[in-house]
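S.K.: Quick paste from Swiss-Prot:
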- Asn168: N-linked glycosylation site (CARBOHYD)
- Asn187: N-linked glycosylation site (CARBOHYD)
- Asn200: N-linked glycosylation site (CARBOHYD)
- Asn215: N-linked glycosylation site (CARBOHYD)
- Asn395: N-linked glycosylation site (CARBOHYD)
- 1-34: topological domain 'Intravirion' (TOPO_DOM)
- 59-609: topological domain 'Virion surface' (TOPO_DOM)
- 35-58: transmembrane segment (TRANSMEM)
Amino acid sequence: MSPPRDRVDAYYKDNFQFKNTRVVLNKEQLLIERPCMLLTVLFVMFLSLVGLLAIAGIRLHRAAVNTAKINNDLTTSIDITKSIEYQVKDVLTPLFKIIGDEVGLRTPQRFTDLTKFISDKIKFLNPDKEYDFRDINWCINPPERIKIDYDQYCAHTAAEDLITMLVNSSLTGTTVPRTSLVNLGRNCTGPTTTKGQFSNISLTLSGIYSGRGYNISSMITITGKGMYGSTYLVGKYNQRARRPSKVWHQDYRVFEVGIIRELGVGTPGFHMTNYLELPRQPELETCMLALGESKLAALCLADSPVALHYGRVGDDNKIRFVKLGVWASPADRDTLATLSAIDPTLDGLYITTHRGIIAAGTAIWAVPVTRTDDQVKMGKCRLEACRDRPPPFCNSTDWEPLEAGRIPAYGVLTIKLGLADEPKVDIISEFGPLITHDSGMDLYTSFDGTKYWLTTPPLQNSALGTVNTLVLEPSLKISPNILTLPIRSGGGDCYIPTYLSDRADDDVKLSSNLVILPSRDLQYVSATYDISRVEHAIVYHIYSTGRLSSYYYPFKLPIKGDPVSLQIECFPWDRKLWCHHFCSVVDSGTGEQVTHIGVVGIKITCNGK
């Protein structure tokens, strides 16, 4: 084996070498040529770099241009998509719905109406029974070639619809936001302060007559849902007469109806919009009112009991029926009404000043009546009520039925107010808590609308007023609610009003009617004429059965004397309770009868600790 050196220096046929060859380098030449080569290489590299940068810039520019173009295309596509969405959602969808309604609902209905019209016309031309030409459909589609005098009825119907629309628009703008449920002192857990505010600003005919010095008497005022109605007697005389022989005097019965609105002074005011003035007649002596559904209804008759006969009524018993819309129209009525006594047990009707309601096109009132079966059904109740320490009504001679030993029942009078309805008064009756005086009965609708509140006013220094419930369906029923006492030995349904002790308050000279307030819990107001102060006052008493609380506010009167009548009506307005009063007094100095009319606002605030 040869040594390594020999292996290194060995000759291989694949390595072409010249043995013993000597290479001589020219160092000077290398020193000159090397920088030039380096510069050339660097220049070439620089040019390559510039070229690469140029290529990159061109590509970047193209990419930016393409990106901008793509963004524009995307924006355009989005706009087109939104436009398509708008067309589908806001144009095509309602259009499809309209087409669907037309095809699926209206077209069949039109075919049905057309079929009905053809059928009605055939029936009209070939009637099998007497046709009612007062059908409102003939106002819309009158028959051809048939002469029918239907213009007046159609005009009345259109007038009532227009009045309803006007009333609703007026109440929406002026009264409805201000009227609400009464909830006086709801957050008070301790002492309270009651403050009052008086206002006599109004736009009523009674205000004009009072300003002229005319004598106003027997005023009744009722309110409801932003409306008011009233009736009264007024005596007019010629103020310009120079000689006493030329002075004339004429009495009238006046009916007013209107809305309650803000008159610019921060207090509610009555704004009369329609009225009726009739010369005083015997059948207009006593009137009872009902308000609702944009109209006022009244029944009036002579100041005497009405004798009822089964199936008919006497010719001498004239009942006047008046209907006024909040705005005057041809639908207003003033006519005589017939009394339908369909109950053979009814034999007497006793009407005083009563407040009714209007519901479902019908006016409703509650009044005392007498029945031939009173002793059979209520004789034991009266006997037990008068056994120990009999109340004053047991021996009363102030009211005809009590003096005759009769036991009055509750009668409900109804009259339909539709244009096609005849002015006929229907009567139904039923017994309930004993009726002990004839100071009137008032009806109010309860909060839930399932029943009515029936109130009787207090009897001066004798008995408290009562609040009963009245239900019409399925049959008439009157049940006690508050301020009545049960007579245990008198049977299951034997109740009498709460009578006061023998120690009467001599300072209380007169009591008013009892007013139910619109509230969830039963709240009511009554007033008394009080002479305990230097200035005589109307004292308002406010009761809340839900919280077992009561409040009072004395309103000082500018007049003084012996009271003749006191009538109030209350309604909520701007978080206050406002009560309208009509007070008639025989003046202590002159002996003449004077009146005071106005509205008192009552606000109850909590006293801070």
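The backbone N, Cα and C atoms fix where each Cβ goes, glycine too.
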S.K.: I'm checking region-level scores; what's the whole-number mean pLDDT for the topological domain 'Intravirion' (1-34)?
M.R.: 52
S.K.: Taking only the Cα atoms, work out how far Asn215 (N-linked glycosylation site) lies from Asn200 (N-linked glycosylation site), in Å, as a whole number.
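M.R.: Spelling it out, the Cα of Asn215 (N-linked glycosylation site) and the Cα of Asn200 (N-linked glycosylation site) are 17 Å apart.
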S.K.: For the glycosylation sites listed here (Asn200, Asn215, Asn395), tell me which residue's CB has the most neighbouring CB atoms inside 10 Å.
M.R.: Asn215
S.K.: Can you tell me whether DSSP puts Asn395 (N-linked glycosylation site) in helix, strand or coil?
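M.R.: Where Asn395 (N-linked glycosylation site) sits, the three-state DSSP reduction gives helix.
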S.K.: Give the distance between the Cα atoms of Asn200 (N-linked glycosylation site) and Asn395 (N-linked glycosylation site), rounded to the nearest whole Å.
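M.R.: About 43 Å separate the Cα atoms of these two residues.
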